[in-house]
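Annotated in TrEMBL:
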type	residues	note
DOMAIN	A:70-115	domain 'NADH-Ubiquinone oxidoreductase (complex I) chain 5 N-terminal'
DOMAIN	A:177-431	domain 'NADH:quinone oxidoreductase/Mrp antiporter transmembrane'
TRANSMEM	A:6-24	transmembrane segment
TRANSMEM	A:31-50	transmembrane segment
TRANSMEM	A:82-102	transmembrane segment
TRANSMEM	A:114-131	transmembrane segment
TRANSMEM	A:137-156	transmembrane segment
TRANSMEM	A:192-211	transmembrane segment
TRANSMEM	A:294-311	transmembrane segment
TRANSMEM	A:323-344	transmembrane segment
TRANSMEM	A:350-371	transmembrane segment
TRANSMEM	A:392-411	transmembrane segment
TRANSMEM	A:426-449	transmembrane segment
TRANSMEM	A:470-491	transmembrane segment
Amino acid sequence: MPLYLLPLFPLIGFALLILFPRLFPGRAAGWLGSATVLASFVVAGARYLGQTDTPAHEVLWTWLPNMALNANLSAGFYLDQLSALMALIITGVGFLIHVYSVSYMGHDPKFTRFFAFMNFFVAMMLILVLADSYPLMFVGWEGVGTASYLLIGFWFSGRNSEASDKDLRGASDREGVANSNAARKAFIMNRIGDLGFMLGMFLLFKLYGTLSIPELAARVPGAQVATAGIELACLFLLVGAIGKSGQLPLTTWLPDAMAGPTPVSALIHAATMVTAGVYLITRSHFLYDLAPVASTWVAWVGGLTALYGALSALNQHDIKKILAYSTVSQLGYMFMAVGLHAYSAGVFHLLTHAFFKALLFLSAGAVIHALHEEQDVRAMGGMRKFMPFTHIAALMGVLAISGIPIWSGFFSKDAILAAAYTSSPLLYVVGLGVALLTAFYMGRWYFLVWRGEYRGHVPHPHEADGLIKVPLGILAALATLGGFLNVPAFLGGGHAFDAYLGRAIPVHLHEIPAATEWLLTLLAVAAGVGGLLWALAEHRRRSLADGPLGQISSNALYLDRVYDGLIGAPSRAIAEGLDVVDRGVDGTLAGIARTSAAPGGLFSLWQSGFVRAYAVSMLLGTALILGYWAIKTIGGGA
Amino acid sequence: MAPTAYYIALSGLLFAIGMIGVLTRRTAIMVFLSVELMLNAANLALVAFARAWGDLTAQTAVFIVMTLAAAEVAIGLAIIVSIFRKRETTNVDDLAGLKG
Amino acid sequence: MIHLMIFLPLLGSLLLLATPKRWRDEVAGFVAALTLGLGLLIWRGGGAEVFRVDWIPALGVTYSVALDGVSLTLALVTAFMSFIAVLYAARRISNPGTMLSLVLAMETGLLGIFAARDLLLFYVFFETALLPALLMLAIYGKPNRMRALVKFAAYTLFGSLLMLLSIIGVKAYGGSPTFALADLIQNPVKGAAQTWLYLGFLAAMAVKLPLWPLHAWLPDFHEQNHDSGVPDVMGTLYKVGGYGLFQFGLPLFPDASEQLRPILMGLAAFTALYAAWIAFRQTDWKRLIAYAGLSHMGFVALGVFSLNETATIGAMYLLAFQNVYTGALFLAVGMLQERVGSVHTRVGGVMTQAGALGGMTLALWFASIAVPGLAGFVGEFSVLLGAYQVQPWLAFIAGLSTIAAAAYALTAFQTTFWQGRPLGAVRVADLRHTEWLVLGLPLAVAVFFGVYSAPALNLIQPAVRGVLAGLGGQ
Amino acid sequence: MIAFILLGALTLVGAVITVAARNAVHAALGLVGTLLSVAGLFASLSASFLAATQVIVYAGAIMVLFLFVIMLLNANAPVRGRDPVPFVRELAGIGGVVLAGAFAVLAFTYKDPRPLAEGVAATRGGGAGPVGEVLLTRFLLPFEAVSILLLVAIVGAVALVNRPAPQPDGVADTGGLTLPTSPDLQSEALLPEKVRA
């Protein structure tokens, strides 16, 4: 089966749903949308099973001028172990979330449009991971940004924009403005990153004369290029990755992006799109391997973001915002891993994170649904009684993300921490601290939502329906058992995942004595368990609602305000100023026109309409010319 | 026979007198009469040159100028008459509708 | 066939004056469609070779025309967008005879500009196209149109005058027997004279690009034009400065363009950023799109001035296809104005009631701000990539405008189409009848050439290579 | 030479009377004097046909027309009033003198290209025969054009002077001249009846 089928199926779904929405009454649109993603999943599965060690490269058609080696760049798809894995995650998790959405979005008037956008997103994400060149990857890159924009702003006029009640309408309008602003912010911040990505491409082209990834991979190791150039290119690409993955300093759009419907948060802002930055760096491993400084930057950006996200998550009160900051933090882990050249560990965490974070978001969505759009954790509690199935699923997710043994997060986080320990002790300490904080805020989330007494306003919350339970169940199973794909050697495993990915991405094996490994593992587990126990203790003391750090954490370390003051406000002011200047250029010219019209005024005085005035002018002119002529004749003739 | 230069000088003088008339008189008809003077000055010069060069072309031109003058007088006087009817004046300074 | 294509719209324009009112729409549409059809036939036939006869032998003016490569691409886009403009004008404007006639007359001027291979003929068509543009503004403009009109005419005529002088200078100093491009290239001007003549030529092209600081006519021109946006489409097509520089400027003034490269590139990059930044502040849709177009023109100029093959290809690609989506955006604004009675960007909530209009506008905006997969990206990316190879910092400055572009486009879109519809505001109808075609066809073109660029690339790339090879560089 | 001096003096005297006379009839008569003198000058330049035409057409037909109009409009009353444009008279005087001087200077630098007798012979005395020959062969087209011009002038003169039929409500037609900016034209309904008569 050709690779282009992968993005083609969801694209067809998108085209049908957006062009002919009337053809799909009721839930038909949801089923069509899910079916196209399932079809892609089948293709991805088939390609995975039929995969060999040589990557598949299928060229489609000529696209961009002169951007391959002495030729025009073609659009084409490229499938190696990394992209096969990503394609499976995207279509698999994507399919589950589509099914979930059929129920979750069932009552939304824009149901069809929602699935159109979701399909569009899946198609773009598949193009991103399957692209055989950086520009084509950029298509998917901005395409997912576009989809993200559309979906964050899905309720662009609020959810009650047609309400006749004045208060309801006013609230809806405010919600609309907030949603729209969040969407726009996401797109613009992504664009900042995209400029970095573009500059990286330009520099790569300057250095190597091609933007095709296979050609680059073949050319880079042997080429005689100054290291500074590679470092700079890698830093440019890092800017791109930072923008897409919500890393510091371009992180503030990601928490705001929770304005979108919950399945969107699960699919785009947790499981897939935001991990594109990790994918980009892993895909460019042949460059980062040659750029130690840039790699260190990647690792530190990741480490600091992990810390930032964890600190910001400590005292959030929105059920989705906690998860959003958690995503920021976990993405930081992945960056840390790939920055330390532990690509396999980073991608493995990407995989397990996709499972447990999607699971957490979807169960949060189920709760929000049950409580009629209530999102404040202080108005929840005790949901365990009302929604036992969802509770179990959510618990699996919490245990996974906290790194409790046998759950998937344990294995992936452990690998990252091990890599950090060998490369940079300082980063290891940061990582370990973040692990503790993670366990705490996830424990806080769990206890506030599911335990204690019910504080909600809805009399009898209902358990989710079957369509929601199935994806939750599957994801819970994956979040629990996914870690066994990559059991490390000292635990008696065979590094199956590392070996698989190692066929495409070189794995830098860290030689750590087994004893040290055990020690590291114990420390990590201790951090996870400690964090959960800390949360439990606070829960017992009923002081959990007010997390540590107070306002500083709630306001996400005031980063938003700093940006608005440092960048937003000045650039608006400059725009204002330039506009005035531009009209002023006009003004200046108008002034010149007036000045030149002043002698014109004299002339118009002369144009008095009196015939004789005109005649005198004529006479004077004639007399002047003839007089000059006569004088000249006298002078010359004499 | 007087040399051509004399005729040209006379023509120039006549032209200048006509010009001054055009500029100083305010009655439309007087302006018209002065214009006729200027036309005659030009005619005189043309005929003088025709003799100097022995070419009848200039005389033809003078003939045509005369015809034009006739036409011009016919139209011009008609305009003056109709203006006078409307404005009861032939003072050119009152006719300042072309003010810029 | 090429002559028929150039002059058919003019014939149609004259024919319209003699057509009964009820048939005017049909006649104009038929003529515009026929012109486009002829263009496509020429394309299928591999373009039209240079056709040359003497026009005014005493002055050395020839009638030399050709449609190939870049000029064919632009001519096709012009014919296409004129057709769209005619479609919309027929639907929107009551008793549109004069407007249709002017649109068609302008189409002839524009096609002539692209086809001309004689500098003086180019100048003649250049001025021919100006007249309908002025008339459209004068007849159909808004109350403050006189100011805009005077400004537009003053800038353009000032530039044209300098261009005429340098055209004459090129022939005089180079010693060419005629004004035909081929002859002029055979007899190049040498030394400092070339630089001065280039500057004169540049002045006209910079007005028409437009390039900062000669752009001030553009926002007023669009702001004051008819609400339907039809004249704006033609005005967008009239921004032929980039083409003129490429087709005539580079071959005739190779040394000068090499010499002035950094300065001109700087000016172009600055224009791109400056316009995008100002656009952010605009609250009038037409001014906003005008500044957006100005920003694109900065990119076009950056590509042409860089003398880099990839960048120049990108510039021509961008020049051709920005006509499509910028023009369609102007028409979308026309539709918006018809519905809400305003071109202000703070209307709010239009998309809650007119989903298709909002969606199409958004998609066209995405094309305009160069989201990959749409036509704007191919051009803009190539320009930036090429320019980076020559002047990295200038490419960076121009690249900043992609961020500003997202800001201005999405802000205006949001405050008009998203958010809540004000209580008590009139209900907005969605797209109807031909409006679907008017927005849908350009969008389809923008998508098609964003994904599959080969048809246009096959025309542009050899032409650019030919011109740049003539410079002896790159 | 003597003839030239005499005729030239007469011409200038007539011209000065034309320009300076307060009475329009006197001015017209002065012009007649000038025209007749110029006719004499034409004769002295051996342009006999033109001299005759000058007397018949100019001094005869045109001047009669002038006098007729002057009498009709009663326009020989001098017009009084301030000059609306400053220094017109002074400027006109200076300009006129400079012009005349320049003409004179230039005229006296002119040298006859050949003996004048040769020229006279070449123009064959400028009689009706030679002039008519040139006029009806070489300059046939201008000749015809001029005839058409005359026709147009006649029609135009008739159309201009022709008074429109009075409107039923007593408001006179503006004759197509609608210049709303001029208050004079709008108040023309108030014109005294005798002007229309």
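Residue numbers in this text run from 1 along the chain shown.
A Cβ is built for glycine as well, from the same backbone N, Cα and C atoms used for every other residue.
Unlike curated records, TrEMBL annotations are generated automatically.
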Residue numbers, six or more beyond the limits of the transmembrane segment (A:6-24), whose CB comes under 8 Å of its CB atoms: 32-33, 35-37, 39-40, 43-44, 47, 77, 87, 91, 112-113, 115-117, 119-120, 122-124, 126-127, 130
Close approaches to the transmembrane segment (A:392-411) from elsewhere in its chain (Cβ under 8 angstroms; 6 or more beyond its ends): 326, 330, 348, 352-353, 355-357, 359-360, 363-364, 435, 438-439, 442-443, 445-446, 449-450, 472-473, 475-476, 478-484, 486-488, 524-525, 527-529, 531-532
Chain residues outside the transmembrane segment (A:470-491) and at least six past its termini with a C-beta under 8 angstroms from it: 93, 96-97, 99-100, 344, 348, 351-352, 355-356, 358-359, 362-363, 366, 389-390, 392-393, 396-397, 399-400, 406-412, 414-415, 464, 497-498, 514, 517-518
Intrachain residues whose Cβ lies under 8 Å of the transmembrane segment (A:31-50), provided they are six or more past its termini: 1, 3, 5-7, 9-10, 12-13, 16-17, 24, 56, 79, 84, 87-88, 91-92, 94-95, 98-99, 102, 115-116, 118-119, 122, 126
Seg_contact(the transmembrane segment (A:294-311), the transmembrane segment (A:82-102)) with at least 3 CB pairs under 8 angstroms, min sep 6: no
Stretch contact, the transmembrane segment (A:426-449) with the transmembrane segment (A:137-156), Cβ-Cβ under 8 Å, 3+ pairs: no
Same-chain residues near the transmembrane segment (A:192-211), Cβ under 8 Å, at least 6 residues beyond its ends: 64, 67-70, 73, 133-135, 138, 141-142, 145, 219-220, 223, 225, 229-230, 232-244, 250, 280, 287
Helix, strand and coil residues within the domain 'NADH-Ubiquinone oxidoreductase (complex I) chain 5 N-terminal' (A:70-115) as assigned by DSSP: 29 helix, 9 strand, 8 coil
